């Protein structure tokens, strides 16, 4: 049965799931949700995600929401040799590193990066004024996070594992994609290993396909 993804291609959370599907080489049907028209608050959608947020995924009788839960589900249920990039590690030392850095992305990087993306990207789309104080505060916070990333990436090619792209890196892609088009780009470029890592993961075909779907919307 075909996997169905309900979401908005401009949503960072939806993009996270799309990248995972493309990395796993899985066929899926994309069901666009018109959030401007309140599609995410309709009863039919709330049956999939009671919080009225995108995305939601249907895999036969299984229904999921929360983007990181969905990417983990896809990675663990489709971890076979012919199903694209593994995205996870099962050896305990590598698994430990991956689990730690997944939490770092969710609790250290994402809150700060999301505020910056809102101020520097999405507010402009909605005709709202950027709060420069919020931008300055969060640029300083992001710089500290990226200092930790720089140290990590001096000893590891990727954040979650030494030599392989995992969910850790994947989860960063949507916000990186937006922030690299703003003044915040300099914070990434000032750190050599962080800059190289960004260029590497943003060049992945899965991300290019995700952007292509966004342009079609």
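Using N, Cα and C of the backbone, Cβ positions are placed for all residues, glycine too.
The glutathione site recorded in Swiss-Prot comprises 40, 41, 53, 54, 66, 67 together with one of 11, 86, namely 11. Of the residues the record lists as binding glutathione, namely 11, 40, 41, 53, 54, 66, 67, the two whose Cα atoms sit farthest apart are 18 Å from each other. The average per-residue pLDDT of the prediction over the domain 'GST C-terminal' (91-217) is 96, rounded to a whole number. Neighbour list (residue 53 (glutathione binding site), Cβ cut-off 8 Å, at least 6 residues apart, same chain): 13, 40, 65. When the binding-site residues 11, 67 are compared by the number of other C-beta atoms lying within 10 angstroms of their own C-beta, 11 comes out lowest.
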